[in-house]
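This report refers to the structure that appears directly beneath it.
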Amino acid sequence: MGGNSMEWAFIICVFLTVLILTIFFGTFIVQKINYKLRIRYIMKENIITKKNKKKKVPRKDNTIGKFMQKLEMNIDAAAIPLSPKEFIVILLVINVLIIIFTTFLLSIVKSFIICIMLDGLIFFILPKFHQRRKNKMVAQLPDVLDLISNALKTGYSIVQTLDLVSKENFSPLSEEFGKLVQALKFGESFEVAFNDLAKRLDIREIQTVVDTILITRETGGNMTHVIEGLLEIMRENQRLQGEVKALTAQGRISSLVIGSMPIFLFAVLMMISPDYMMLLFSHPLGIIMVIIAVVSQIIGYVIMHKLIQLKVR
């Protein structure tokens, strides 16, 4: 039993070491990327894609296509300068290297377990980056709309205003407006470029802004007045969301404490009496109990998460 505990401890140590090295070197590389080079690369990809649309129509309704599209959004949100195919290839290479180097110390099964744990954690973290980026854009949107309104008042055209926003320190939203301006400079129509922005970001507030600008431009309305009204609504929305977060703070902390308590107790008991706890993984009844406990933990977390989620529409 003691030997099994040491092997599992070694597996966890190897897994954490590989994870830390991956995050460290990945972050270091990403920080060295020049923003303008990234914009040109993305625009080049868009031009190539549009040229190839006439030759080959991709199937977007299949499972692989949806997975690759979702992965591309998550990779872009994490500021990783790779396409989905390149990301998967690099991940496969890392898995192969882990298996090669750990097989000499562990069995092939345990090497695969390390790879599965690493891959699972990576694909769990990537959507978190995506959601965090979306939340940051929503938080920046009122300030961006305020800048657009002031620029239009001073006589700027809408394209000049968008170019001004792209040069301001509103990352990551300024980067997306930079892509929009580049698309317009490459000859993209106003409506198509804005709709591509809304589709790419998939944020309700951005979609509202895009629809407002397009409708106002088409009907010849007062763009400044409309944007100011939209700005007031969004600021009120953010104020209400802040109040909701304050009201649900106690529930969120309670769910975090209750959800982490079984994991903490399991870790403590593993350190105090590993032989006793290993019965849960060696005896059939213990395995069933672990499965029931994990499923119950997940169900409880989902229920508590739903109870404290109040969205301001």
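Every residue gets a Cβ built from N, Cα and C, even glycine.
According to TrEMBL, the protein carries these features:
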{"type": "DOMAIN", "residues": "145-270", "note": "domain 'Type II secretion system protein GspF'"}
{"type": "TRANSMEM", "residues": "6-30", "note": "transmembrane segment"}
{"type": "TRANSMEM", "residues": "87-105", "note": "transmembrane segment"}
{"type": "TRANSMEM", "residues": "111-129", "note": "transmembrane segment"}
{"type": "TRANSMEM", "residues": "253-273", "note": "transmembrane segment"}
{"type": "TRANSMEM", "residues": "285-304", "note": "transmembrane segment"}
PLDDT averaged over the residues of the domain 'Type II secretion system protein GspF' (145-270): 87
Helix, strand and coil residues within the domain 'Type II secretion system protein GspF' (145-270) as assigned by DSSP: 107 helix, 0 strand, 19 coil
